[in-house]
Amino acid sequence: MSGSSFLFLKSIKCILSSSCHGQNTISNTQLAAQYISKPQKQLCETVLKYFDRQYSEELGEQWWNARDVLLNPLSWQYGVLLNRFSDLTNLKQCLAELGYTNLLQQTHPESHSQTADIPLQCFIHPDPVRIPTQSHHTGWLKQYYLLNAASLLPVLALNVQEGENVLDLCAAPGGKSLAILQTATPGLLHCNEVDQHRHDWLLKTLESYVPPSLRHLLSVTLQDGRSIGTMQPGAYDKVLVDAPCSNDRSWLYTPDTHRGEMWLKERTQLPLLQKELLCSALAAVRPGGIVVYSTCTMSRAENQSVVEEVLASYPGVELQELEQQFIDSLSDHFCFAHLHPSVGQLVIPQKGKTWGPMYVSQLKKIY
């Protein structure tokens, strides 16, 4: 058995022994089968060739380094976002003993950036170790949520404070809504999703992690996010637009060539949808409020170009530079791309820092 497989099984034994009072218990034989026999992802050559043409032009050498990581799923790292509303007895100690460290506390402790004092805890490992997800059980709160740690950047950029009214415009499957609740207790967290299946998934996620005593703070809706700004103008202090995008990791492993070709054709329509969602978010936020726009693609057309076009057409909005301390405090673990134009921040996967892609841009509504 390889060292990574041994570490995986050791971590499972440790974590699940203290989980859910036995509800998630599973034999080591089953776990080994789950880990070793997991089918390999099937690469879509059509999408890869398209990405090679586009990203080699937009990102240069940075693309070829990211490409090596994206083509090797066994190298991908996974973050463990802890649920502060659950019983975490022994869990943090177990993770620490296995070599996990807290992403937001392990580097630059002298920094006074906005990450310094928030209760959010995400543990990461230097190796591509992945513990299994926990099963959903009615009435029991899960202890952790597995995610690409770079997906926390939009939530950190949003910088939610106690009692603020927050809108997560495209919320499913719910990881960023959950992360928001780990940073502060909002006065209201409105989680919206337009797709019925993903809306149901969102509901299940919230039920699995949020205690009944706090669910009155949540509003979960099934609406077209493009209409919310008109329906609720100026209603929110902070708005997150984690926009539908050409998810680079997923699209590379599209199940068949025909579907890959279909997605690439649909890709040209995404920037218009993204701009409309961002404009809706700006209408929904109050003057002085913050909107964060994010995607999980490296595409310039879906990232910088969307933000630039909205800034040019929407009066009373300013692009905010993310604090350098904020970037510095995470640079030991995330690789930030050199963007042209320099609008927002983009994390791209690199060897040893396999997090991303994740683009984030922060906007402030002046009036």
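Every residue, even glycine, has its Cβ placed from backbone N, Cα and C.
Taken from Swiss-Prot, the feature S-adenosyl-L-methionine binding site applies to CYS170, ALA171, ALA172, PRO173, GLY174, GLY175, LYS176, GLU193, ASP224, ASP242. Per Swiss-Prot, active site, nucleophile is recorded for CYS296, and the stated evidence type is sequence analysis.
Structure with Swiss-Prot features highlighted.
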residue	record	Cβ contacts under 8 Å, 6 or more apart
CYS170	S-adenosyl-L-methionine binding site	ASN192, GLU193, VAL194, GLY225, VAL241, ASP242, ALA243, PRO244, LEU277
ALA172	S-adenosyl-L-methionine binding site	GLU193, ASP195, ARG198, HIS199, TRP201, LEU202
GLY174	S-adenosyl-L-methionine binding site	CYS191, TRP201, LEU202, THR205, LEU206, TYR209
LYS176	S-adenosyl-L-methionine binding site	SER151, PRO154, VAL155, ASP168, LEU240, ASP242
ASP224	S-adenosyl-L-methionine binding site	VAL194
CYS296	active site, nucleophile	ASN148, SER151, CYS245, ASN247, ASP248, ARG249, GLY356, PRO357, MET358, TYR359
S-adenosyl-L-methionine site span - longest C-alpha distance across CYS170, ALA171, ALA172, PRO173, GLY174, GLY175, LYS176, GLU193, ASP224, ASP242, in Å: 20
